Amino acid sequence: MADAFDVVVIGAGPAGEVAGARAAEAGLSVALVEHELLGGECSYWACIPSKALLRPGDARWLAEHAAGVRETLKGPIDARAVLAQRDAMVSHYNDDSQVKWAEDAKLKVIRGTGKLTGPRKVRVESKDGTVRELEARKAVVLATGSRPRIPDVPGLRDAKPWDNRQGTGAQQVPKRLVVLGGGAVAVELAQAWRSLGAEVTLAQRGKGLLSRAEPFAGEQVAQALRDAGVQVRLGVEATRVQRPGGKGEVTVTLSNGEEVRADEILVAMGRVPRTDGLGLETVGLQGGKPVAVDDQLRAKGVEGGWLYACGDVNGRNLLTHMGKYQARMVGDVIAGKQAKAWADAKATPQVVFTHPQVASVGLTEAKAREAGIPVRTVEKHLQDVSGTSLMGKGLTGTVKWVVDEKRRVLVGATFTGPEVGEMLHAATIAVAGEVPLDTLWHAVPSFPTMSEVWLKLMEDYGL
Ligand SMILES: Cc1cc2nc3c(=O)[nH]c(=O)nc-3n(C[C@H](O)[C@H](O)[C@H](O)COP(=O)(O)OP(=O)(O)OC[C@H]3O[C@@H](n4cnc5c(N)ncnc54)[C@H](O)[C@@H]3O)c2cc1C
Ligand SMILES: NC(=O)c1ccc[n+]([C@@H]2O[C@H](COP(=O)([O-])OP(=O)(O)OC[C@H]3O[C@@H](n4cnc5c(N)ncnc54)[C@H](O)[C@@H]3O)[C@@H](O)[C@H]2O)c1
């Protein structure tokens, strides 16, 4: 006999937890199925540990710009203390507090691997082989996230490369690390391990780093990595990896003929949705690719509209906060409220936590032009305002606005520089809220904060 719930959520990462909690808040009974740790990739092997590894290097970089503090800095960062703090931030890979949170939110936690067996039916197999059949009266939510993409480079798999799990969870700093990729994972982890003493080489296929951001952002991050001693190779691919027996020294041959030797190799080449083995074919869908959804996060092509997918698994926006945003919509839609996810199409914020940080929202200039928007851009330097000089001598940064000239609203903004992640939300409000520039003119930034750069941008725009 199947146990019946109003909602069955498969996957308890940030998206699954929030979808379940939102539905439970509306009075629905919810089963939350998880086969590893409640909290998902983000809490233990992605966002949290990577930021814990980056923060000390960032703090030191800021301190190096503070007269009177710089002179007192002696010796390298204490890597052992940083790794211990990382372990504390991931609760030593224990999810007791998350389970308590879920139970307090009235979610029924079911441990095991969930799989669809037909419309509204989920089978959960636990590690000891026990099988439990569940039935969803209203909805099933897929929130199974993503796993790293390991491309078919000859020898790469046999070399037992690090992925984000070892890349954020290693207990020792490798002497030499080679990083393949040039997206957020690659730049953040390259900088983090370099700050802890590793000799790092980063090899990126594309012409620049952070290819979805404004080009100046990737250029500044590349320069910062180089300044910190990272060997940055752009426009090259790994063509072969050699590591006999999958341990010891690894040799990576690059497409320019160069051979890089290292003690570990980190693959940071994107993600694939976890949809294989999920029983999608039992409801007429195909595994191995993202679950396509509409703006209410309903899986397309499933009769009856009872299947939803939020977070990385639908491939819309691989960011924790956007997965949670979609999850709030899912919970509301299942509870019968009107809800539609539109922000992830036009106002997605993202912060890359390198130094300089890269904080962006909405469209880049290139994307806005591609969309046929009549674009005008405004660009200013952070060092033009007193707040930046006060934060640290010699600190710099760039802010670029992308304005829809017809509607006189911001459609995108990018900031680089120290702590700019904390400045991003103002831009997110302006973009999501389509605040007219003539109204923004009356949003006065405080003196002496870095946000005064908004004033400079508005003046340059002609307000
Ligand atoms: C190194 C790194 C750093 C990152 N840093 C940031 C950051 O700073 N900010 C940010 O916004 N994003 C960041 N991201 C992206 C972020 O981690 C993801 O967008 C986020 O984790 C997606 O959440 P999710 O709930 O969709 O999936 P996940 O976090 O992947 O959770 C899915 C859960 O489902 C479970 N599961 C899967 N299949 C089944 C099944 N069949 N049965 C039961 N359970 C199952 C998994 O065990 C997991 O717990 C980072 C990613 C990486 C790799
Ligand atoms: N701070 C943050 O917000 C944060 C941090 C980390 C990750 N994330 C998110 O997690 C997701 C995964 O990040 P990611 O960096 O792994 O993926 P990504 O898609 O952002 O970047 C993948 C990189 O790998 C390169 N690449 C792909 N195939 C290659 C090949 N065969 N040879 C050489 N290079 C190759 C690409 O050029 C690209 O630079 C992204 O959506 C990212 O935004 C966010």
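Using N, Cα and C of the backbone, Cβ positions are placed for all residues, glycine too.
In TrEMBL, annotation is done automatically, which means it is predicted and not curated.
Among the residue ranges 111-130, 151-170, the one that TrEMBL annotates as region 'Disordered' is 151-170.
Per TrEMBL, the candidate among GLY270, GLY277, GLY279 that belongs to the NAD(+) site alongside GLY181, GLY182, GLY183, ALA184, VAL185, ALA186, VAL187, GLU188 is GLY270.
Within ASP294, ASP295, ASP312, the residue that TrEMBL lists together with LYS51, GLY114, THR144, GLY145, SER146 for binding FAD is ASP312. A Cβ distance below 6 Å to any atom of ligand 2 is met by none of the recorded positions CYS42, THR144, GLY145, SER146, ASP312. Cβ neighbour count within 10 Å across all protein chains ranks CYS42 highest among the disulfide-bonded residues CYS42, CYS47. Residues of the region 'Disordered' (151-170) grouped by DSSP class, helix first, strand second and coil last, total 9 helix, 1 strand, 10 coil. Taking Cβ-Cβ distances under 8 Å and a sequence separation of 6 or more, the neighbours of GLY114 (FAD binding site) in its chain are VAL8, ILE10, GLY11, VAL33, HIS35, VAL122, ARG123, VAL124, LEU134, LEU278. Among the listed binding-site residues, namely THR144, SER146, the Cβ with the most fellow Cβ atoms inside 10 Å is that of THR144. Per-residue pLDDT, averaged over the domain 'Pyridine nucleotide-disulphide oxidoreductase dimerisation' (348-455), rounds to 98. Rounded to a whole number, the distance between the Cα atoms of CYS47 (disulfide bond) and ASP312 (FAD binding site) is 13 Å. The Cβ of LYS51 (FAD binding site) lies under 8 Å from the Cβ of MET89, PHE353, each of these being in the same chain and 6 or more residues away along the sequence.
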